[in-house]
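J.: The structure's right below; bear with me while I get my questions together.
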Amino acid sequence: MKHLIAPSLLAADFSKMESQIEIINRSEADWLHLDIMDGVFVPNISFGLPVIKSLRPHIDKPFDVHLMIVDPDRYIRDFKLAGADLLNVHYEACTHLYRTIDAIKKEGMQVGVTLNPHTPVFLLEEIITEVDLVLLMSVNPGFGGQKFIENTFKKLTDLKRLIEKKGSRALIEVDGGVTVANAQRLINAGADVLVAGSAVFNAPDPIQAVKELKHFLPEPPLSDLR
Ligand code: DX5
Ligand code: ZN
């Protein structure tokens, strides 16, 4: 499977939503990544349900919603109604993860489980066959524009091995500090979906930036790797 690109709306210019929507629609972006932060699970507040709902009729691409909130179970139905196609919950925010996964599936959404950078992959052993996707955070969640954590490569190897061992069909998504300079290495290490916020929306030409992430053009200079 050709890897997928999911630009993160968090880095978009919220004062120019029409042009940002056009970028998403016209680019080779496969999904739109939407970061929901509650100021409790992470030290930042982003946007919520009304934003997803108002974008939904204007973007004909799957909505990949990343919940960085405590007690996500309370809002599963609301996110479905707002237009989420895939709902990512943090492993660290779910006391009864099996139940949460089940509730997301019952609403007819794809289900993703997200791991913070410090959370080891082996903790997913008992649920890896139940999920559609695992999202590996490659920065501490809460903010865009942070530096990529190199240990993610080790976690990618661990996760790929676990998925194969258990015969899971889960996709692997990487989120945080993804740029054209590390995209190819991430795909080679097993990532299926790359989230990119600042690398897309802060680029001089965001549509071209998505193209480069999708096709790895141009080759990054070695000194640029991080
Ligand atoms: C961070 C968010 C990311 C963020 C990525 O908590 O989950 O999705 O938007 O931004 P960049 O690509 O700028 O690191
Ligand atoms: Zn995210």
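Note: Cβ is positioned from N, Cα and C throughout, glycine not excepted.
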J.: Using only what TrEMBL says about divalent metal cation binding by His33, Asp35, His66, identify which of Asp158, Asp175, Asp192 is listed for that site too.
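T.: Same divalent metal cation site in TrEMBL: Asp175.
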J.: Measuring Cβ to any atom of ligand 2 with a strict under-6 Å cutoff, which of the recorded positions Asp35, His66, Gly177 qualify?
T.: Asp35, His66
J.: Can you tell me the three-state DSSP label for His66 (divalent metal cation binding site)?
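T.: In three-state terms, His66 (divalent metal cation binding site) counts as strand.
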J.: If you skip the near sequence neighbours and keep only those at least six away, which residues in the chain come within under 8 angstroms of Ser8 (substrate binding site), Cβ to Cβ?
T.: His33, Leu34, Asp35, Gly144, Asp175, Val195, Ala196, Gly197, Val200, Phe201
J.: Could you measure between Gly142 (substrate binding site) and His66 (divalent metal cation binding site) for me? Cα positions, answer in whole angstrom.
T.: 11
